[in-house]
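Pulled from Swiss-Prot:
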DISULFID  Cys231-Cys243  disulfide bond
DISULFID  Cys238-Cys256  disulfide bond
DISULFID  Cys250-Cys267  disulfide bond
DISULFID  Cys456-Cys467  disulfide bond
DISULFID  Cys463-Cys480  disulfide bond
DISULFID  Cys474-Cys489  disulfide bond
DOMAIN    27-54  domain 'LDL-receptor class A 1'
DOMAIN    62-224  domain 'MAM 1'
DOMAIN    229-269  domain 'LDL-receptor class A 2'
DOMAIN    268-427  domain 'MAM 2'
DOMAIN    454-491  domain 'LDL-receptor class A 3'
DOMAIN    492-647  domain 'MAM 3'
DOMAIN    654-813  domain 'MAM 4'
DOMAIN    812-973  domain 'MAM 5'
DOMAIN    972-1142  domain 'MAM 6'
SIGNAL    1-21  signal peptide
TOPO_DOM  22-1155  topological domain 'Extracellular'
TOPO_DOM  1177-1216  topological domain 'Cytoplasmic'
TRANSMEM  1156-1176  transmembrane segment
Amino acid sequence: MCLPSCLLSIWVLFMAAQSLGKTWVPDHCRSPTEATCNFVCDCGDCSDEAQCGFHGASTTPNTPFTCNFEQDPCGWQDISTSGYRWLRDRAGAGLDSSGPHSDHTRGTDLGWYMAVGTHSGKEPSTRTLRSPVMREAAPTCELRLWYHTDSRDVAELRLDLTHGMETLTLWQSSGPWGPWPGRELAVNTGRIQGDFKVTFSATRNATHRGAVALDDMEFWDCGLPIPQARCPLGHHHCQNKACVEPHQLCDGEDNCGDSSDEDPLICSHHMATDFETGLGPWTQLEGWTRNFSAGSMVSPAWPHRDHSRNSAYGFFLVSVAKPGTTAVLYSPEFQGSVSYNCSFTFYYYLHGSEANQFQLFVQAQGLNTTQPPVLLRSRHGELGTAWVRDRVNIQSAHPFRILLAGETGPGGFVGLDDLIMSNHCILVPGMSTLQSSLSGPVPLALYPQTSIKRTCDAGHLSCDELCVPPEQLCDFQQHCAEGEDEEKCGTTDFESASAGGWEDISIGKLQWQRAEAQESGKPARDTNRNAPGHFLSLRKAWGQLRSEARALTPTLGPSGPHCELHMTYYFHSHPQGFLALAVVENGFRELLWQAPSSSSGGWTLQKILLGARRWPFQLEFVSLVDLDGPGQQGAGVDNVTLRDCNPMVTTESDQEVSCNFERDSCSWHTGHLTDAHWHRVKSHGSQYDHTTGQGFFMFLDPMDPPARGQGALLLTRPQVPVVPKECLSFWYHLHGPQIGTLCLAMRREGEEDTLLWSRSGTHGNRWHQAWVTLHHQLQPSTKYQLLFEGLRDGYHGTMGLDDMAVRPGPCWAAKRCSFEDSDCGFSPGDWGLWTRQNNASGLGPWGPWIDHTTGTAQGHYMVVDTSPNLLPKGHVASLTSEEHPPLSRPACLSFWYHLSFHNPGTLRVFVEESTRRQELSISGHGGFAWRLGSVNVQAEQAWKVVFEAMASGVEHSYMALDDISLQDGPCAQPGSCDFESGLCGWSHLPWPGLGGYSWDWSSGATPSRYPRPSVDHTVGTEAGHFAFFETSVLGPGGQAAWLGSEPLPATAVSCLHFWYYMGFPAHFYKGELRVLLSSTQGQLAVWHRGGHLRDQWLQVQIEVSSSEEFQIVFEATLGGQPALGPIALDDVEYLAGQHCKQPTPSQGRVAAPVSVPVAVGGALLLFLLLLGLGGWHWLQKQHLPCQSTDAAASGFDNILFNADQVTLPESITSNP
């Protein structure tokens, strides 16, 4: 029972809500049915909307109910009957994955989505994903999601909604489809009373080899209005206490939620036609037919439901006129009035064809004659499956009638439903509401033609006795003497009513409209500060959906590489609003530019590079702003100019392939059809160029928002070759724990691109030089383009290009060769027995199952079959490199080799300078692993390296080579590295099942976006180098990064000695560093360290033993939640056959005492140190070996004594 004080509190709260005009809603948190999954947060934490196919809405206003699948499936369940089901999944970065390589939310392989995998059955299969029960969708409810599928062999995708006994098909498609950036689905559910469920199904044939995936489901404006104690001024108060805007009364939709806004008592003076029983007062001239969806669908573009009943059994009008023929519907005659507006609300449907057109005319009756029709509305194109609401207010001094004209394009349909005349639309006296007669002319075409000098085909422009075809309109080249063919092609100051050809194609509550500045209020003047001036302004529209406003140009192109759009814009909005420019090509949108966070309200000049594009493409302004929000929110565009777009105009820089990017980008320009782009940037922060360290370079960040798509292109203008061979040299930068692939290719007209060079994964935080020989066909008509492509098969890191140079003649031999793209100029000798191959099919010549570079069957290597039938015993097969330049100092030539299990013979390495000298000889049985070989090279003249395979006469034997590299400095001992010249024999190992992240290589002095030690251990300065890994990129899920040694021979006892560094803030969860021994018997963790550590280098010694060949693996991982900080390694030393020696404690600098507590703490630490040493001495007497020790590096304050002791199994270590 509620006490008087309780009643008083409730009364006070109720009165406060009354006085403030705010929502007053009882708390329904404990109601399991009525207040759950209805798109309204009844609980303060919105817990009543959890697991409803979405999660509770954000506290930020105007945000949708969303499920991005990052936490869980949000209640979506698989109800498929076959063995293949929808699952919440996450992709790796591997290109051989059947599903998407990234999600849509994050755009990386760390994100989650719902997917159904490969179907290998003999019959077509349908997989269905169903939502939980949802309740009460508003008429404005819109479901948006992103989908991905392999378009080659998926039969159909469907989105259905089931309520009561009826299932509505909201959307269905048989393609085409594309990757994440290309396909967003937005469907309007319409008003749904009571409970309903949504299902997404994919039907695939028996040969489908790819995955179907869904991500980022959003429910926009689905909740019914909540009861209000008092409505804003002018709003209608519904019977259920909800509030709706005045224009929502009698509009044919249940906006209140209880249909009181459509009460016949309120709407009795409106003339509404829903076509359920006929045409009402409207008259069909030709082309329209009344129909419904159930059992009548003649194509997928046919309306699946009407608007009035939101049912497949509801009636509507649809145009059945042949393409090119206009269907006309006209109203009865209404009285004219200058004192009020006659409002006409209507719903139309345009779907299936870009050639669909709909127009609304008003035809007035003068004193003696009927006046020509006046066009009030015109829409064309593909608007999706929604019924779009619009409204016109007609004020006429003379009687008038309304004409509705529709023309369908190929495969498309135009529909009409719910034609509603307001109470101010009064019939002419004596005119029946059931029928009327048409007097006067009607439009026989949607676009009435003026008199022309010459008849041209449809779509052609007549000028100067010419018929300009569509592909030459807006191609940035003037064909007409007066330039009529380029008049409405995007360039405009909006002073002309044609608006430069920009056309609003919005379907929601916002629209683009040419407006006069002094009337718009936001802003009050145009760009030229003229109050009477015009600009393209974002305004309110009569649509019911909260969709973006869109304005589109006519078809443009082709354009040249220097094509730019210049404009001024105004943008002021809350954080959820945006203003953007996109390019539409072949149904896909590429985001070119987005306005930064809300400006101060003034006009801003902006230049946007469009670049070289093929015909046809269109430009589109897209914006979403809450015009009713606080402040002067709004968006506007003015003075749009397309400059330097003629593709036939060339400049001197177009032939400049050599470029340091200091002045401009020379002949290089960015490619398109992806939201990821190369940018010419100036050195700043962690990004620096190669030329000066402070200049410009080309930069690609695969995570740079809104980067999406498979990759980014950087290519030259077409070039004319002048010599048969040229050498292209360039500097590249690949850095990051999971950076993708950088490729170089040559493109010739009419031919497939030829891959010339590629690198994958991190190459350390430094610039590397590479060169490639270009082979040309010297024919006058043969031109070529060079193109770099940065592939987004990795998402953490950056790519850079700088200092391109082209010279006549061939290049020197490459310093690095992975054989992924070519044979790198290696010559197989007279017999040609060395071949480049991979084992992807499993049916190729004899050789390793996987390569060393990628660790996959798709990777390439060089191999020679040493079987006696091809290479008799004692015979040799040589593989010779191109010439290397003279060496100014000693260098290390390293390579990875693979010998077949049975002894294939001897692999010898020679260096050919003025004479030929043998540097290395390898023989014996092989195995299943790639092994590292290395030789020290000194050469004062040009030299070559020769690999020679001498056969032993064993059947089914081979020798293989991969990853040949030349680095400055002498070669390191096996398992050892000071990291001053690179990673030595240590390399990235893929983490099982998830691809992997790479350890990186850097110095403290080199700028980097990732935290790392400020100095190394080897030299103790910022110029020294080390290996490191940034743990923050791992994310949850137990992933790790592995750095593995070369295979090491079996050992009874050996000592591993290294220095490590951890830099984790104390308030973060910590990462872990582990040492694993990996062999064919499995993996064994022999040491680990985690937790917060002070930023310092610590020493570790571990004694290891193994009865078979093994690898040492350093694993960087997380103990739980994501950590923020680096783990680093330096001075790794593997002492084969030696016991570890107790390290001498380092003498760090002694800090002067600053306070009594510090002195007391120091004494206590000294006591603990002596106690620890005494304990160690006692352990020594007990004959227990010290298997692992830590010590602090010289030059660092060792405030805490750090020691780790690991007791290893006897199978791994042995007592001294």
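Quick reminder: no glycine exception, Cβ is built from N, Cα and C everywhere.
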*Across the domain 'LDL-receptor class A 3' (454-491), what does the pLDDT come to on average, as a whole number?*
89
*Where Cys467 (disulfide bond) and Cys480 (disulfide bond) are concerned, what is their Cα separation in Å, rounded?*
9
*Given the disulfide-bonded residues Cys250, Cys456, Cys463, Cys474, state which is nearest to Cys243 (disulfide bond) when distance is taken between Cα atoms.*
Cys250
*When distances run from the Cα of Cys489 (disulfide bond) to each of the disulfide-bonded residues Cys231, Cys238, Cys256, Cys456, Cys480, the nearest one*: Cys480
*If you draw a 10 Å sphere around the Cβ of Cys463 (disulfide bond), how many other Cβ atoms fall inside it, taking every protein chain shown into account?*
19
*In sequence order, what residues of the same chain, 6+ apart, have a Cβ less than 8 Å from the Cβ of Cys480 (disulfide bond)?*
Leu461, Cys463, Asp464, Leu466, Val468, Glu486
*What is the number of residues in the domain 'LDL-receptor class A 2' (229-269) that are helix, strand and coil, as DSSP sees it?*
10 helix, 4 strand, 27 coil
*Tally of helix, strand and coil residues over the domain 'LDL-receptor class A 3' (454-491) according to DSSP?*
6 helix, 6 strand, 26 coil
*Tell me, how many other CB atoms lie within 10 A of the CB of Cys256 (disulfide bond), whichever protein chain they belong to?*
24
*Counting Cβ neighbours within 10 Å across all chains shown, tell me which of the disulfide-bonded residues Cys243, Cys267, Cys467 comes out on top.*
Cys243
*Can you tell which of Cys231, Cys238, Cys250, Cys474, Cys489 has the least company, meaning the fewest other C-beta atoms within 10 angstroms of its C-beta, among these disulfide-bonded residues?*
Cys231
